[in-house]
Each structure stands twice: as structure tokens, then as C-alpha cells.
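Asker: I'd like to ask you about the structure that follows.
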């Protein structure tokens, strides 16, 4: 099933690129939470939703672009969790750092994850405790790697005082910034060692990257030390968290 989901992510990426490569300035609307949504978000959502319903008609889908009501999903034990276009701000700026995120959740845990960056043509995916990166037709298994000083990856679009204070107290380190769930993937492939997050994220932002990072040997915990949990709840917001190899 993993290969079929990877192909769905590629198909969604193709739909996104049709909008991305257009000559017109990027048009977008604002959702209720003031986050932007574009025609590419909707096109990718449609591709993934139709594909998953064909592939696994018995598994419900929770997508950022059409989340079911709480009453519908409150008892879900197994479901797909999808962000058709993670990093819409990056997409609007045409800076390449946006992804398609697809995760399978079982009993609150992401057991399969696919992250595809369509401009970069890089795919990360994980299942059954193993993680891979595929680029230019070459697939390799990935795992975390220690480095001193550690490289800390942070959000390109979200910074806050808590993060600034945390980094000041961290000790010797280097930083890099990148958009979307690629931050999880940098830790998973050994390019970075830590991704701290204090600002708001939603479950669809993190689930696929979470699966990949853990399969590669990283830990994904909130600031109280608890693993991020995807058991259905009324709010889609995550607590603050960190992805770390330590």
C-alpha cells in the first residue's frame, strides 16, 4: 500500500505544480482561522481524497481542506490524516519549500507517512519502522545522525519569543530554516538533530513527518515529554513539541 500512497502524493504534486507554474500572481483566499488557501490546495485535496477512497474505501479520511465534524470522527480508530499542501505560505511565495503530507493513523499513532516536495522532486516515506528518501529515481534508507555542534532546524514562517529564548539557553548549536514538514525530514535523514516547535501547528501538519522521523530513529515529544498523539479530539491543534535524536 505504501507505493500506492506515494504515487497519490506524486499525483497531488502534479496538480499543485499546474498552479505553481502558472504565469499569474498567486491568488488565495482566507479560511476562518486566517490561514491562506489556494486552488492548488483544493486540487491536491481532490486527487488524494478520490485516490484514498478507491485504495482503502473502508478507511475514513481527515483532510485539512474538508475536515469532518467531531461527531463523525470521534470514534475513529484508523484513519488517513492529510495535508494536501503543507506550507501554503511557501507556495504563495514560490519558494519551493512546500509538501504533500499523507499519514495513516492507527490507535493514535502515525504508522505510515509520506511527504512529497513536488518542486524539489523529493519523496520521504516510512512504514513498519523503516524510512526512505527517494530523489532522482534513487531510493535510500535514511536514519538519524548525531553531529556536534547540533544543527537545529526552525520554521521559515513562524518565529516567536519562546523559540528565541530556548535557542539562547541551548548551548552551542547551528541553525537552519526551512518550510513545511521538511523540518521533520531533515532530522530523519541526519541533516539536522533537533526541531523545536512552540508556535501553533495542526495534526495534519505533523503526522506524516512524525511517522518518518520516528521510523528513522528520532523522538517526537511535547514539552512535557509525551509522544504527540493523534487519537481523534475536537481540536485539531497540537501542543508545542520537539523532534530530536537525543
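Backbone N, Cα and C atoms are what each Cβ position is placed from, and that goes for glycine too.
Computed from a predicted structure; not experimentally measured.
Below, the features straight out of Swiss-Prot:
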{"type": "BINDING", "residues": "64, 85, 86, 87, 88, 205", "note": "substrate binding site"}
{"type": "BINDING", "residues": "64, 83, 85", "note": "Mg(2+) 1 binding site"}
{"type": "BINDING", "residues": "83, 86, 205", "note": "Mg(2+) 2 binding site"}
Asker: Between the binding-site residues 86, 205, whose Cβ has more other Cβ atoms within 10 Å than any of the rest?
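Answerer: By the 10 Å Cβ neighbour count, 86 comes out on top.
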Asker: For residue 87 (substrate binding site), which DSSP three-state class applies?
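Answerer: The three-state answer is coil.
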Asker: Taking the recorded substrate site as 64, 85, 86, 87, 88, 205, identify the other residues of that chain whose CB atom sits within 8 Å of the mean position of the site's CB atoms, giving them in sequence order.
Answerer: 41, 83, 84, 98, 99, 101, 180, 204
Asker: Measure the Cβ-based neighbour count of residue 64 (substrate binding site), defined as the other Cβ atoms within 10 Å of its Cβ.
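Answerer: Its Cβ has 23 other Cβ atoms within 10 Å.
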Asker: Other than 83, 86, 205, which residues of the chain come within 8 Å of the Mg(2+) 2 site, judged by Cβ distance to the Cβ centroid of those residues?
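Answerer: Same chain, not in 83, 86, 205, Cβ within 8 Å: 64, 85, 87, 99, 101, 180, 181, 202, 204, 206, 208.
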